[in-house]
Amino acid sequence: MKLNISYPANGTQKCIDIEDEHKLRVFYEKRMGQEVEGDTVGDEFKGYIFRITGGNDKQGFPMKQGVMHPTRVKLLLAKGHSCYRPRRTGERKRKSVRGCIVAQDLAVLALSVVKQGDSDIEGLTDTTTPKRLGPKRANNIRKFFGLTKEDDVRQFVVRREVVKGDKKYTKAPKIQRLVTPQTLQRKRALKAQKVKNAQQQRDAAAEYAQLLAQRLHERKAERAEIKKRRASSLKA
């Protein structure tokens, strides 16, 4: 069985192949999310504590959290479920997944380091892989660098170097939800336009109501005049 160990603190991961069944017994009958001591796995893992985050069997079927079964099962999955991505709106499909209990027929078991042990593991805890991209939203940039609302966020955007042929330049993401005098002016202009449109609609409605009342009054007067003429002709 292969152990795919990740170390989120450093952003690194390493895949280790273990053939001795006795070393793997500590993981059997354990569920996803449970923590396991790494002393029995090997001397280099002494003092380490791992959390089981997932795995898949030799046919590639992944483990699914919440399915209390050590073997493969078929479930009707929809949007929002793990181990399934719908291709159409409202689509559901019956898919084969493994339960969340670790069994012997797994090919790869995914682990995450919760507590570091006595010694470093080469390629896992002794190296650091920095994040390729920094935060993009204005509030997240402020939180990341500990800035106040008065500080200019645009000076602190994480830029990355790009090499294209002989040219070397830097790229920065577009800051989302950035409040600038220009955006505030646009907001005020939009609000003023809405108020203006509403006033125009009210004026048009009042003008139409006035015209309608005038037409009704004219029609009423016209009918009264016709009645008057008929009455006078009958008398004559």
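Note that the numbers count up from 1, one per residue, in the order the chain is shown.
Placed from the backbone N, Cα and C atoms, the Cβ positions cover glycine too.
For Ser232 (among others), the entry in Swiss-Prot reads phosphoserine. Its Cβ placed at the centre, Ser232 (phosphoserine) has 9 other Cβ atoms within 10 Å.
Per Swiss-Prot, the feature phosphoserine maps to Ser233 (among others). Ser233 (phosphoserine) falls within a helical segment according to DSSP.
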